[in-house]
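Per TrEMBL, the features are as follows:
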type     : residues      : note
SIGNAL   : 1-24          : signal peptide
DOMAIN   : 44-95         : domain 'Gla'
DISULFID : Cys61-Cys66   : disulfide bond
DISULFID : Cys93-Cys106  : disulfide bond
DOMAIN   : 110-189       : domain 'Kringle'
DISULFID : Cys111-Cys189 : disulfide bond
DISULFID : Cys132-Cys172 : disulfide bond
DISULFID : Cys160-Cys184 : disulfide bond
DOMAIN   : 215-294       : domain 'Kringle'
DISULFID : Cys216-Cys294 : disulfide bond
DISULFID : Cys237-Cys277 : disulfide bond
DISULFID : Cys265-Cys289 : disulfide bond
DOMAIN   : 366-577       : domain 'Peptidase S1'
DISULFID : Cys393-Cys409 : disulfide bond
DISULFID : Cys538-Cys552 : disulfide bond
Amino acid sequence: MAHIRGLWVPGCLALAVLFSLVHSQHVFLAPQQALSLLQRVRRANSGFLEELRKGNLERECVEEKCSYEEAFEALESSIATVRVGLCAGWGACESVRKPREKLTECLEGSCAEGLGMNYRGNVSFTRSGIECQLWRSRYPHKPEINTTTHPGADLRENFCRNPDGSTTGPWCYTTDPTVRREECSIPVCGGGGVTVQLTPRSRGPTVNLPPSSEHCVPERGRYYQGRQAVTAHGSTCLAWASSQAKALSKDQDFNPAVPLVENFCRNPDGDEEGAWCYVSEGPGGFEYCDLDYCEEPVEEVGDGLAEDPDAAIEGRTGDEEFQPFFNEKTFGAGEADCGLRPLFEKSLVKDKTEHELLESYIDGRVVEGWDAEIGLAPWQVMLFRKSPQELLCGASLISDRWVLTAAHCLLYPPWDKNFTENDLLVRIGKHSRTRYERSIEKISMLEKIYIHPRYNWRENLDRDIALLRLKKPIAFSNYIHPVCLPDKDTAVRLLRAGYKGRVTGWGNLKEMWTSSVTEVQPSVLQVVNLPIVERPVCKASTRIRITDNMFCAGKCPGIGALGWLCWWSMGLLISGS
């Protein structure tokens, strides 16, 4: 072996000498050729035993000719390799050489190359200045593109991306309910401008800031003397002196100190919703006006409340007096007996976690949801779609003729919701999510839907409330019983920060696109006790404008619009981040 090795080396030297002699006439090169010797030449698997070396993207795709095989050597991932290909500009048969700086910038994802499918930056606003919706969120828009459908698209937070190869470049779903998705202005790799030009809207995204006290309308417009004559829905106000307005205002108790001039918006009856006017069409013949009202502080509970906490937060008992507020002819039966559950208060039995609500001024801990006891929430209603048959929302029974629910369950254009009475029915007394509970549940058709006239789906779901009138009165039972509606003083007492309320419903337990349906949907009614959150903390947690019609509770595990129940219906819960 030594002998063979000894012959091989001199042989190589001899060949080298012969090669040198043959080309001796080209020892001196032209200046341009000489300079070319100093340039670094891109290699293709060059160097000693290249194939045995550990893959390295810098070597394989920046120093050498970048092809699919070279990139895969370094990344060992088809998804990541495709992203490199977007930057390298692979053609049908061969790679396209790009400047080192541009290729490096592109690979880092800080700029857009081509359609911008490589972009991995942190821009989270659209070209018009709208904040992007979280990719994992379902509000205000239901995304058809998510981390399950596009696992390699890096759909983190609310950063602009181009998972579907949009020709306008990276985009996102927006937090504006009226704009489903919009492209973002992203720098183009190589200093070539941006993917689309910025076109800021005249009004930026809504933030949680109170109106300026210098320009806002105080006291809900009770003394408003402005000249606005168009409602929040765009209807022109009727003149107060018109025959139609006079007929509608007959027997109304208006404040004589409020001058009803021409057709301007006014608040002559001290309506807590604000100024309004009569209109030629619409429910009730009137609509509210969209004025910039001053934010009024929510009343705080006095310190003396803590001395008798049970009186402040527990529900009704069978022996206390209760004065009905509504007229039974219009409201229906059940108010005088509301909130007294047949299988609990009326049977002198406490449910499993009632003590947690009573002691919540001491312990603010959030307990995870669990299967509800039968009869725990006899006012729970299932709002059901007839065709295709599906559970839409939760709701609350407040009398034998009326059901309270969230307006967005009925009307929410971003989700293509605009249901009528003929589209829906209600199922009352249910415990099981899917099984028909014969002799227990009752099914009722709807006679009329009433959505709050100032329900604001375009901005922040303010006044997200609706009433459903049943075609026939519902019979009460151990499993069907109405909840109470609180007056203002009761609501203020119960909505104290740290106190807990009860949420019930059949909503999804996890995000739909991360689990199978059987893992996501509960089989029976779920319940969780959640603490009220202080208003400053509530407002600081979101860019959505929080009004005095809203309150925040501890993070809800994926439950939809359900009754907020402390033996009183305190409002409607909309799950958020």
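The backbone N, Cα and C atoms fix where each Cβ goes, and this holds for glycine too.
Relative to Cys160 (disulfide bond), the disulfide-bonded residues Cys289, Cys538, Cys552 all have Cα atoms farther than 10 Å away. The Cα atom of Cys189 (disulfide bond) lies nearest to that of Cys132, taking the disulfide-bonded residues Cys132, Cys216, Cys237 as the candidates. Distances between the Cα of Cys111 (disulfide bond) and those of the disulfide-bonded residues Cys184, Cys277, Cys294, Cys409, Cys538 are shortest for Cys184. Highest Cβ count within 10 Å among the disulfide-bonded residues Cys132, Cys184: Cys184. Summarising model confidence by region, the domain 'Kringle' (110-189) averages a pLDDT of 92. Around Cys237 (disulfide bond), a 10 Å sphere centred on its CB holds 24 further CB atoms from the protein chains shown. Following the DSSP three-state reduction, the secondary structure of Cys409 (disulfide bond) is helix. Straight-line distance linking the Cα atoms of Cys216 (disulfide bond) and Cys184 (disulfide bond), rounded to a whole number, equals 33 Å. In the three-state DSSP classification, Cys552 (disulfide bond) falls within a strand. DSSP places the residues of the domain 'Kringle' (215-294) in helix, strand and coil in these numbers: 12 helix, 11 strand, 57 coil. DSSP assigns Cys538 (disulfide bond) to a helix.
Secondary structure at Cys172 (disulfide bond), as computed by DSSP, is strand.
Looking at Cys265 (disulfide bond) and Cys277 (disulfide bond), their Cα atoms lie 5 Å from each other. The Cβ of Cys409 (disulfide bond) has 22 neighbouring Cβ atoms from other residues within 10 Å, across all protein chains displayed. Of the candidate disulfide-bonded residues, Cys172, Cys184, Cys237, Cys289, Cys538, the one lying closest to Cys393 (disulfide bond) when CA atoms are compared is Cys538.
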